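Novice: Pulled these features from TrEMBL for this protein:
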- 43-63: transmembrane segment (TRANSMEM)
- 45-484: domain 'Major facilitator superfamily (MFS) profile' (DOMAIN)
- 83-103: transmembrane segment (TRANSMEM)
- 110-130: transmembrane segment (TRANSMEM)
- 142-163: transmembrane segment (TRANSMEM)
- 170-190: transmembrane segment (TRANSMEM)
- 202-222: transmembrane segment (TRANSMEM)
- 277-300: transmembrane segment (TRANSMEM)
- 320-342: transmembrane segment (TRANSMEM)
- 354-376: transmembrane segment (TRANSMEM)
- 382-405: transmembrane segment (TRANSMEM)
- 417-440: transmembrane segment (TRANSMEM)
- 460-483: transmembrane segment (TRANSMEM)
Amino acid sequence: EQEDSGLLLQPLLEGQNYGAAAADGTQCPSVSVSRNSPAKRDCLVVAVLCFGNLINFIDWFIVPGILLDIQKYFRLSDGKTGLLQTVFTLCYTLAAPIFGYLGDRYNRKIILGAGIFFCSAVTIGSSFITESHYRIFVLTRGLVGIGSASYSTIAPTIIADLFEEGKRTIVLSIFYIFIPVGSGCGYMLAAGMAKITGDWHWAFRVTPCMGGLALFLLMLLVPHSIQRKTAAHRALSISGMKWRADEKPDVHRTAKTTWCQDVGSLIKNCSFVCSSLGLTAMAFVTGALGMWMPLFLYRAQVVQGIVPPCLQELCSSSDSLIFGGITIGAGILGIIAGAEAARRLRKIINTADPLICATSMFISALCLYIAVMVAQTNILCTFIFIAFGELFLSVNWAIVTDILLCVVTPRQQATAIALQILLSHLLGDAGSPYFIGVVSNAIQAKNIPSLQWSFRSMQYSFVLCAFVGVFGGGFFLLTSFYIEEDRKEARG
């Protein structure tokens, strides 16, 4: 059955089956259609995927937005509080390779729909958990992480199928803008609902409604299968540069391979490995900041005497609202600036992508270090340098994915994204919230309990993030030494 995509359907080259686009490997007849129809369809598909990505990251950052309230409600230490986000990210991470395998071989629309439904159901269920069932609350966060993995792994591969040349970079940038937008909205939604209703549980009852709408739009507007643009798609690189005739892939490149063979091939891909390690450092820093920064800002203001200690049932949400706004603004500007810088610099230097990532990581690390060190004396400067730190971190989101799609063969892309998620989250933001919390607990344990040491313990813990950011910049520099060779290898 032909999909209602409006694309000019061509015979599938070498009987390729990508993401269950043609499960039986048969050829499809050519059909002439209007040129406007596929463009409109593709825009609608991207809009639905972006909306889903927004919900995905709102769910991710609801807990940090009301962290102080949750910490008081369940009576948690910093270490146990950080465990909430660690369990979420760890489950997300371990589920990603499974969804990558499924996405390369089965219908992606069905997998996405199932993931959205599962996330929505578990999220609304978690809003009814009482204070005596903390472990069940932790479990629900882990289950939401599993559902989120299906979306983050598969959605970018659908975009990769729909667009070619430089358009793919632009569309991926739009898609990844909803990482910081969703993250910021997560803080603001959580804090806003807690303030309006007087009960932080209501923060978990909004996104399930949005998830229901996303599921409806997915079923209505996204085709059951999406055919990869074949000859034209493979004749162009991610940066929009045409391949030479001798670089086009042959039939052996599109032959079916096992998952183990795909993984073995990816491990040998130096650009993929180094850029993934750079992304891991980004994830470590982002995870720690995302979980603990609103609480850190609150403690800094308590030490300065700007706000009183929270002794009431519902704590102030202003820091979450401000940090959420910073995350949205810096994220949008950073991703747009990164995409535009990459577009311009690719015309000058072939290794522009990893060099942009390396530079932005170094600058971000410096800004975050300054922000943390001046927090006790000047909260305004702290907010300013946090904004710049997040801005330069956000520069890399779309570019890192662009690097992956550039150096990995099409049939391995969903698996590569899944492995990159596994590595970056397992060694990055899966552990960083818990790690920062444990370090903070250890510092507090060695000193007299006080508001001053409650702040300083978190301050000293955050310094580690700056050093991790420097290591991330180094891995992106290493990527620049291998990317040209790996790009040619991916082209065949």
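For all residues, glycine too, the Cβ spot is worked out from N, Cα and C.
Keep in mind that what you see is a predicted model, and the values were worked out from it rather than measured.
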Novice: Counting only pairs 6 or more apart in sequence, are there at least 3 Cβ pairs under 8 Å between the transmembrane segment (417-440) and the transmembrane segment (277-300)?
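Specialist: Yes; at least 3 Cβ pairs under 8 Å.
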Novice: Output the single range from 110-130, 277-300, 320-342, 382-405, 460-483 maximising the number of Cβ pairs under 8 Å to the transmembrane segment (142-163).
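Specialist: Highest pair count goes to 110-130.
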Novice: Where among 320-342, 354-376, 382-405, 460-483 do we find the most Cβ pairs under 8 Å to the transmembrane segment (277-300)?
Specialist: 460-483
Novice: Can you give me the average pLDDT across the domain 'Major facilitator superfamily (MFS) profile' (45-484), rounded to a whole number?
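Specialist: Computed over the domain 'Major facilitator superfamily (MFS) profile' (45-484), the mean pLDDT is 85 on the 0 to 100 scale.
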Novice: Should anything in the same chain at least six residues away from the transmembrane segment (170-190) have a Cβ under 8 Å from its Cβ atoms, list it; otherwise answer none.
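Specialist: Apart from its flanks, the transmembrane segment (170-190) reaches 46, 49-50, 53-66, 155-156, 159, 162-163, 200, 203, 206-207, 290, 294, 317, 320-321, 323-332, 334-336, 338-339, 390, 394, 397-398, 401-402.
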Novice: Short question: which residues 6 or more past the ends of the transmembrane segment (202-222) have a Cβ under 8 Å from it?
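Specialist: Long-range Cβ neighbours of the transmembrane segment (202-222): 44-45, 48-49, 51-52, 55, 58-59, 62, 65-66, 109, 112-113, 116-117, 119-121, 123-124, 126-127, 158, 189-190, 193-194, 196.
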Novice: Please report, as numbers and ranges, the same-chain residues at least 6 past the borders of the transmembrane segment (110-130) whose CB is under 8 Å from any CB of it.
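Specialist: Sequence-distant neighbours of the transmembrane segment (110-130): 52, 55-56, 59, 99, 102-103, 136-137, 140-141, 143-144, 146-151, 154-155, 201-205, 207-208, 211-212, 214-215, 218-219, 222.
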